[in-house]
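So that you can see what the record holds, here are the features copied from TrEMBL:
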- 483-493: compositional bias 'Basic residues' (COMPBIAS)
- 26-456: domain 'Major facilitator superfamily (MFS) profile' (DOMAIN)
- 454-493: region 'Disordered' (REGION)
- 24-48: transmembrane segment (TRANSMEM)
- 68-85: transmembrane segment (TRANSMEM)
- 92-111: transmembrane segment (TRANSMEM)
- 117-138: transmembrane segment (TRANSMEM)
- 150-173: transmembrane segment (TRANSMEM)
- 179-198: transmembrane segment (TRANSMEM)
- 210-230: transmembrane segment (TRANSMEM)
- 273-296: transmembrane segment (TRANSMEM)
- 308-325: transmembrane segment (TRANSMEM)
- 337-356: transmembrane segment (TRANSMEM)
- 362-386: transmembrane segment (TRANSMEM)
- 428-449: transmembrane segment (TRANSMEM)
Amino acid sequence: MPTNQADQLTAPALPLPAKSPSPVLSLAAALLGFGLVCLDASVVNVALPAIGDSLGSGMSGLQWVVDAYTLAFAALMLSTGAFSDRVGASRAYALGATVFTLASVACGLAPNLSVLLGARAVQGVAAAVVLPASLALVRQAYADPTRRARAVAVWAAGGSAAVALGPVAGGALTTAWDWRGIFFVNVPIGALILVLLLRAPRSQRRPAPLDLPGQVTAVVALTALVFAVIEGGPVGWAALVVAALAMVAFLRVEARQPHPVVPLGLFRDRTVVATVAAGAAVSVAFYSMVFVFSLFFQQVQGRSPLQAGLMFLPMTGLIAVTNVLAGKLAARHGPRLPMVLGQGLAVVGLLLMLYVDAGTPAVLVALLLVPMALGCALTVPPLTAAMLDAVPAERAGLAAGVLNSARQMAGALGIALFGALVSDGFVAGMRLCLLISAGLLAVTCALSFRLAGRAASSGGTGDGRRSRRTPPPSATASGSRSAPRRSPSRRRG
């Protein structure tokens, strides 16, 4: 045997190069988790009458079933982006997905309303961790900016699809199984997320400041305010005083904090004010109408949960397509055109729904919901992009977190207020809800008309001036503190 052949046989084999994890696995895990937390914001609405019958709950209890989740989600989202950075996105995501899955089991097994509300609040806490961590997972999985932008678009579309699917899925599960099924269905999805995470790379930890005083005062203020609206009476007035004191404390804390959860200086820019106001008005209209009409279809028109869910299918089925159209319009004409068109269309749709009553045919009601939903879908992508273009690139994630939290908080307050209005005479209260939503959108539509009419080509400076050197961050429909930046495809003079 020649010497070189002997050496080859006796020498240790060279190790094969390690195969890097597929980014598709990280994207799949992130997409499932983001979709899951978005789904649970809308899936419960159609099941509310069944929950009320099963657990003996009145209107205020049903409002809390929705708002316990939304409040925790909205308020804690202000800090969970920083938490995700501190512990690493993959660890934060695994923790959030695990807690969310266990809380879903607790919701499904809840023997009474108190246990259900507690479990829903825990779900909301976990959802607030999952959202920014899921986007961070997508960012770290795709190093190439072009592929990353496509992955983020898929991630955002998944959230929109989940929100759209919620009412139909809730109706189908409640009819075929029980209201508990809307929570138990989360368990296999959560397990699949954790399995996919085993193949995803570990995220690095990064130092990130936490504003605990600001976060605590924000939670107290928002919870007390929603409590005051839902419960009313002497206890409600006391809660309103607590909310006012907590809000004053929050503003004082944020004015002095070196790293506040809500930088008050952001609101010196009129674009930021207009976009946050528009985002809040859209959330009040959309989420509150889904809540109110879920009850209307079943309690006033006597439809089954499945039939009620199907009533939302025409409006939700067009949301994703309209989001894409809105993005193209904003890219060509700037954010003002799609925002004004969208809010104007939503106002018209809300006013048309004033003619709905107990005897209105199902097909007509389903079609009348479409303009409002399309108007909201046309508004959100450009307002998100306008908000992020108005701030420096290094503050894009923080600004997106503020916008997303404001939208969730507005939805929670809208449900609290509108639930109280429909308690005394459903149809009359429903019409008042429609007028309030239309009025809010009319005001924010007027504010939006003052925005720039052409597409922004650069990032902002934070004080209303434009910077020609800083590329603007990318916008997604559900931004977080970890929102990615976009690379400019060309330079403009």
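Glycine is treated like the rest: Cβ placed from N, Cα and C.
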Review point. Other than its close neighbours in sequence, what residues sit by the transmembrane segment (179-198), given a CB gap under 8 Å and a spacing of at least six beyond its ends?
Key: 25-26, 28-29, 32-33, 36, 40, 43-44, 47, 50-51, 54, 90, 93-94, 97-98, 100-101, 104-105, 107-109, 169-170, 173
Revision key, fill the gap. Per the Cβ under 8 Å criterion, with at least 6 residues separating them from its ends, the transmembrane segment (428-449) contacts 273-274, 277-278, 280-282, 284-285, 288-289, 292, 296, 335-336, 339-340, 343-344, 346-347, 350-351, 353-354, 356, 375, 383, 414, 417-418, 421-422
Exercise for review: Answer with yes or no whether the transmembrane segment (362-386) touches the transmembrane segment (210-230) by the criterion of at least three Cβ pairs under 8 A, sequence separation 6 or more.
Suggested key: no
Exercise for review: Look over the recorded stretches 24-48, 92-111, 117-138 and say which has the most C-beta pairs under 8 A to the transmembrane segment (68-85).
Suggested key: 117-138
Check your understanding: So are the transmembrane segment (308-325) and the transmembrane segment (362-386) touching or not, going by 3+ C-beta pairs under 8 A with a sequence gap of 6 or more?
Key -> yes
Check your understanding: If we call contact 3 or more Cβ pairs under 8 Å (sequence gap 6 or more), are the transmembrane segment (92-111) and the transmembrane segment (273-296) touching?
Key -> no
Check your understanding: Are there 3 or more C-beta pairs under 8 Å linking the transmembrane segment (24-48) with the transmembrane segment (362-386), counting only pairs at least 6 apart in sequence?
Key -> no
Revision key, fill the gap. Residues outside the transmembrane segment (273-296) whose C-beta sits under 8 Å from one of its C-beta atoms, at least 6 past its ends, are 41-42, 45-46, 48-49, 62, 66, 70, 167, 267, 308, 311-312, 335, 339, 343, 346, 350, 356, 365, 369, 372-373, 376, 379-380, 383-384, 386-387, 390, 402-403, 406-411, 413-415, 417-419, 422, 426, 430, 433-434, 436-438, 440-441, 443-445, 447-448, 450-451
Review point. Taking a Cβ cut-off under 8 Å, which residues six or more beyond the ends of the transmembrane segment (24-48) line up next to it in the same chain?
Key: 62, 65-66, 69-70, 73, 93, 96-97, 100, 104, 123, 126-127, 130-131, 133-135, 137-138, 140-142, 151, 154-155, 158-163, 165-167, 169-171, 173-174, 179, 182, 186, 189-190, 192-193, 196-197, 199-201, 287, 290-291, 294-295, 298, 305, 308-309, 478
Exercise for review: Grab the pLDDT values for the domain 'Major facilitator superfamily (MFS) profile' (26-456) and give me their mean, rounded.
Suggested key: 87
